[in-house]
Amino acid sequence: MVCGQPVNFTINRIELEAFPSLTLKNGDNLQLKCLVNIAKIADFVLASTFTFYKDDRLIHNVTTTSSQAIYIIQNASVSQSGLYKCRINADSRHKTSEEIKVKVTGLSAPLISITKTEVSEGDEITVTCEAPNEEPPMTFNFYKTVKEKGSPKKKQSNNNYAENTYEIKEGESILHFECTVKLMIEDEPESPLSRRQTVTVVEPFSTPTITVRPSNNFTEGAVMEVTCTVQKSYRRSEEVSITLQKGNQILKASTSERLTYSQVATVSDMGDYTCKAEGKTASKTTTAMVKVKELFPRPRLTLKLTNNKTEFINDGDGVGLECSVSSLSPQESSKQDFYLIVNNGERRHMRRGGKFLMRLRSTDSGDYKCEVTIANITKTSEQVQVKVYAPVTKPELKQILRGNKMVVLGDTLILTCRSPTGTPPIVYTLYREGEPLERKEMKDNSEVTFMVNTTKLHDLGHYQCNASNRNHKSSALSEVLNVMVIGIEILLRNVTETDIMHAQHIVSLFTKEKDGTYFCKASNKANKIASSKSMEVKGLINI
């Protein structure tokens, strides 16, 4: 309308009404009538546009010269509950009605469908639940009934349907599926259950049976026979495999309907045996507990030295080996055959009663076991480790020279020592002039290295190395190594004599630290120096 032009009409009021009422049942027709009161001049024709809204969303509009507009919703559903209003637009003027709340009650049961009505164990089945006349979003609840109804599986959907997949489990036979729907509307209850869909489960094969002979509780030495049997369904031609397991170990497998496993049983065969039948999609198991009583305990191997001077075995020592079974009397033991097994290879027949005497050499070191067979049951003892110590031989002591240079006082003297033979560990001790300097233990037969700091003149002299090991008769001393250390000249005294042709110097409290080579020098105003012959001086130790 342009300002200054005459007013041809005015909108007084607008109102929205619902028929038959604001509350109606699911499936009823809902009539919405928008009424408008307009004042206008005579003979003025006004075309108006009526617009209908639900929850502020446009659902219908119509243009008319009438003072009212009607919008009919056929078969109203619960999801069409909400707040409705209408609006009129006429020649740039508009007016909106008050909102009215429409409630549609009685949510219908959803429709349910399944992909199969007959399935096998291990198959999958898809269940679809649909609320065709309702508007999303909504939540579907799926129910599976075996013997009693289980907890629902909830699925939220932005469509008016949802799907849920189930895996058919072992032992299930007749299954029932139902579902409900709940709209995202405040205070709106869940729908009634859908009609029930029934699924028949066909067993592809039976649960396996397991039998144990002679029984599930017997004494070792008997032949144990375990049999697994399974029966295939005549309605299915599915291939079935059978496995017999003990723990995580498969003892035997077969693709036939019967499997038999047998062996002479020992206590170690006691435990749970599981027969498993497995098809393409399903598997079934049966477990049997087998108890095996011990016929006799595991033998025990003991070693005794004929010479008890040390706990270690020396090369050439005599030992007594005995294989015993705690449950056997001496008379019964004398009737059995005992064998000594060396390093899992050589078998030696032991004397009656399980005794064996031998003189050991270093080459006899190794792992020893014994075994005995009673009533077709063979048992082996725990392993006993035997180590025979060969004696050490005379070691060789060497001096390592760097660049073939002599050792100068202040340098490090490097000595190596090694015994050619002897069972390690070998202990090496370095001596100088009969006094021990250092001790080292070697875990193998490699040479040992000693580092000696030559800080004093007495570090020169005679060196020897001793080698020993756990052979109590074994100890060997190397040849003497004479080590020369070049010392630094030390001025002991400077004397000037004017009347006589000699001088003297007294070294008081002579000790080993003062061992060395002594000499003197003489000079006069002629500037010529003369040196005497050197004299090797060593101190003796009083005992």
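Every residue gets a Cβ built from N, Cα and C, even glycine.
Under the heading domain 'Ig-like', TrEMBL lists 6-103, 110-200, 208-287, 299-387, 395-482.
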Return the average pLDDT for the domain 'Ig-like' (6-103) as a whole number. 93
Within the domain 'Ig-like' (6-103), count helix residues (DSSP H, G, I), strand residues (E, B) and coil residues, in that order. 3 helix, 63 strand, 32 coil
Per-state residue totals over the domain 'Ig-like' (110-200) - DSSP helix, strand, coil: 0 helix, 49 strand, 42 coil
